[in-house]
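Colleague: After the structure tokens below, expect a handful of questions from me.
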Amino acid sequence: MSICKLATEFAISNGILKQVDGNPSILSCTLSPSPMPELLLRKAQGIQCDFNLLYHKAAMDHEFLEMVLKPILPVDPYLRSLWDVYLRTRGSENRQKIVLGLNRSDYMLHLHEDLCDTKKKFITHRLRNTKVAAEYEIETQDGVWDGLSLRQVEFNMIASSFGGLLQRLIPQHRISLSLQGLSKNLATRVPDCFPADRFSEALISACRMYVEDCSRRKLVPTKVSILVVVGENEGNIYDHRALIGQLLLRNPDIGVLYRSFNSLKTELKLDSDFRLFVNDEEIAVVYFRTGYTPDAFPDNETWDVKYQLEKSLAIKCPCIQYMLANTKIIQAALSKPKYLSRFFQPNSSSYQNVLSTFANQYTLDAEIGISDSTEIQQVINECMLKPENYVLKPQREGGGNNYFGEQLVQKLKSIMNHHERKDYVLMERIRPYVFENQVLNSFSKCNEPKVQEMVTELGIFGAILVCDDEIHLNEFSGHLLRSKPIECNEGGIVAGFGCLDSPFIT
């Protein structure tokens, strides 16, 4: 039996799954963990708390949100509806002041083009594949990995996925390496990672704080539950179950309800104190795993459900302010020193560390105030000549929305003379290092997968729990890789573009 066939069967038995047409199917994952410099992995882990805090501060700054988002609202109905919900709930006397963020910051490791040949050969050889990386000791000396730098792709504040399945992938990858005869120092090379544990602990802490908040309000909560709001045809349910399963193992007294927006139209109730009930169960935390794209809100009734949830006493994960901050335009603003210095002192390590991860980003309308007319025209001209150096991003989450190459050029031409241009951000394209791996999927049970050249995104999980200005939790919660073939621009795992992966540190 081939190693790939055996590893595929182990992946299925370990629960590395997605749902297809109502049935479980293996979720695409790599055969082996992929090479990753330890120094850069540790750096990304070390600044996650800074990013958690930065986006919390930005989300709670009404003046900042209004200043950056207001020019876009007329051209973006979805964002305008979110803003309307925010304004309608912002001034409520009973507004819940406890906020929970379960975030993920995504990076690529940018390989600088101006490297000397010797340095480039060293990096590309050492990171070529896991077998080569395993031949060398882990490099921790400063300067060894100069020429590679962290570049943030985006910051995710809603439905930060794959923490549950990643926790299962670590033992899966250790098994795969053992099958290949690469069993030396597995615990060090493929480090432990428990994002589902950490996120479940954060949800439990939020439930505890909800009960304490009710007591301060002279309310007596019954048994509390977590409401998980999901899409109608969710394919990533096994990732959900892995997370919620860890929660129930830790605290079986907390109830868990799964509901869609559609079902909540008839099941949701608020009492006179704005406590939220679903089927007579009191909800302490609303955990959104959907609601980040316009198609989640097909009618006004669905938007009313969103409003009812937001104005309730339940803790929202994420709250409406976090959703407004979770936009490409806010990310572009925070990449500029004049906006970043609003939240971090320029001489602080937090400011320097965060700023160092940003790629150049540009808005396409000077009215927004992030990029001026001269800068916009200059980058447009350059983009028309070399579109391969840029990516055009709309204010949309969920993947599959970006423009590259000739499509980017055509899209720019179609929007530059229209107000629609305000809804886009042009970002300098990141050039990651290339490595080799094989992908396990539903075909690898019968066919040997080919060795492919791939690139990867490093995701760093983080949790933050705040009441007013008091931070109760701010932590790094785990990591993952999401890898894809080099010819693939988009990287959605459930959609089949990319695959789940973990780091083999070197």
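Count begins at 1; order follows the chain as displayed.
Quick reminder: no glycine exception, Cβ is built from N, Cα and C everywhere.
In case it's useful when we look at the structure, here is the feature table from TrEMBL:
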type	residues	note
BINDING	K328, 393-402, 427-430, E457, K484, E490	ATP binding site
BINDING	E397	Mg(2+) binding site
BINDING	R482	substrate binding site
DOMAIN	226-325	domain 'Glutathione synthase substrate-binding'
Colleague: Secondary structure at Q395 (ATP binding site) (DSSP, helix/strand/coil)?
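Modeller: Coil, per DSSP.
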Colleague: Sorry to bug you, but what's the C-alpha spacing from the residue listed as 'substrate binding site' to N401 (ATP binding site), rounded to the closest Å?
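Modeller: If we compare the Cα positions of N401 (ATP binding site) and the residue listed as 'substrate binding site', the gap is 17 Å.
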Colleague: Limited to the domain 'Glutathione synthase substrate-binding' (226-325), I'd like the whole-number average of pLDDT.
Modeller: 97
Colleague: If I take the alpha carbons of R482 (substrate binding site) and E457 (ATP binding site), what is the distance between them in whole Å?
Modeller: 5
Colleague: If you draw a 10 Å sphere around the Cβ of E428 (ATP binding site), how many other Cβ atoms fall inside it, taking every protein chain shown into account?
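Modeller: Other Cβ atoms found within 10 Å: 17.
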Colleague: Tell me, in order along the sequence, which binding-site residues from K328, E428, E457 have their CA within 10 Å of the residue listed as 'Mg(2+) binding site'.
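Modeller: The binding-site residues passing the 10 Å Cα test are K328.
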Colleague: Counting across all protein chains present, how many other Cβ atoms fall within 10 Å of the Cβ of K328 (ATP binding site)?
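Modeller: K328 (ATP binding site): 23 neighbouring Cβ atoms within 10 Å.
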